[in-house]
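Asker: After the structure tokens below, expect a handful of questions from me.
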Amino acid sequence: MPAVLGFEGSANKIGVGVVRDGVVLANPRRTYVTPPGTGFLPGATARHHRTVILDLLQEALTEAGLTSKDIDCIAYTKGPGMGAPLVSVAVVARTVAQLWNKPLLGVNHCIGHIEMGRLITGATSPTVLYVSGGNTQVIAYSEHRYRIFGETIDIAVGNCLDRFARVLKISNDPSPGYNIEQMAKRGKKLVELPYTVKGMDVSFSGILSFIEDVTQRMLATGECTPEDLCFSLQETVFAMLVEITERAMAHCGSQEALIVGGVGCNMRLQEMMETMCQERGAQLFATDERFCIDNGAMIAQAGWEMFRAGHTTPLSESGVTQRYRTDEVEVTWRD
């Protein structure tokens, strides 16, 4: 019954999780929150992570009721993500692994999301919509790889939403995307925005540039409200995501869809995906904010799967990489 400790810190969330045989024993997390109208810079984010990571480690062990002797493997996010935060967490993971004399495992962040989603929801072989601040991909498993059927060709959907939140000076607490979601519920007018689907891929930079350009003028003239713009942006970008997910499901003959990543806990996106699945006679699987937002348990769960399949990462290869595609990883733990 291996117990795996997982460290995640690829962006502004820092988490330490413990998973043993498919059971999440602990999953504490902290968020680096910046003032409204601003984003988070790599250096400042890394300093935040270094400040809290040891407290989170102790909190996770206490919550799980375990000691270092009970841990069988140390997993950490190898990438993708922001360089400085990734390094700050990897250094701690390497140090802990050596101090405790435990094997080390570098985990792909995207696969961590997928494996956590599969664990929590019970989905067997879903078409995956992975949506976050740094990634937007439609994925399906085939022949020991998570194959990418479609993706963004520029910025991620979460990045598009976050950057629009800065235009409106929306609070980053608890997250700009969550606050856009709440404002969108009060929107009443659908503003026409660019809709860019290119085959199986999507583009969000154009819609962001357009809405950044027209926002102040439309608000000043009373053509719409900030809530209308939040509503319109959500409806448009989510429709694009639903379209390419449905096309991938048709191609794969899939009857399951799984939403993972931080944007995946948006209830409007889940509602639109649910409608599409019902029309196809398919089933939608999604998780709440505990597991769809970056967390340590997802890295622990992917690490647990990899460790059971015989994977470890030598210390000499335990670096990080900001670019680490989902389909680079050989998925030896699935049939």
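Using the three backbone atoms N, Cα and C, a Cβ is placed for every residue, glycine included.
Heads up, here are the entries from TrEMBL:
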BINDING   H109, H113, Y130, D294  divalent metal cation binding site
BINDING   Y130, V131, S132, G133, G134, D162, G177, E181, N266  substrate binding site
DOMAIN    29-300  domain 'Gcp-like'
Asker: Between the binding-site residues H109, H113, where is the Cβ count within 10 Å the lowest?
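Answerer: Across H109, H113, these binding-site residues, the one with fewest Cβ atoms within 10 Å is H109.
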Asker: Taking the Cβ of S132 (substrate binding site) as centre, how many other Cβ atoms lie within 10 Å?
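Answerer: I get 25 for this one.
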Asker: Most Cβ neighbours within 10 Å: which of the binding-site residues G134, G177 is it?
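Answerer: Output for this query is G177.
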Asker: Which residues in the same chain, at least 6 apart in sequence, have a Cβ under 8 Å from the Cβ of D294 (divalent metal cation binding site)?
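Answerer: Within the chain, D294 (divalent metal cation binding site) has Cβ neighbours under 8 Å at E8, S10, A11, K13, G15, R29, H109, S132, G262.
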Asker: Find the longest CA to CA distance in the recorded substrate-binding set Y130, V131, S132, G133, G134, D162, G177, E181, N266; express it in Å as a whole number.
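Answerer: Overall maximum Cα spacing for these binding residues reaches 18 Å.
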Asker: Using all protein chains in view, find how many other C-beta atoms are within 10 Å of the C-beta of N266 (substrate binding site).
Answerer: 25
Asker: Mind looking up the mean pLDDT for the domain 'Gcp-like' (29-300) in the predicted model?
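Answerer: In the predicted model, the domain 'Gcp-like' (29-300) has a mean pLDDT of 98.
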Asker: To the nearest Å, how far is the Cα of G134 (substrate binding site) from the Cα of H113 (divalent metal cation binding site)?
Answerer: 13
Asker: Pop the Cα-Cα gap between G177 (substrate binding site) and H113 (divalent metal cation binding site) into the table, whole Å please.
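Answerer: Cα-Cα, rounded: 18 Å.
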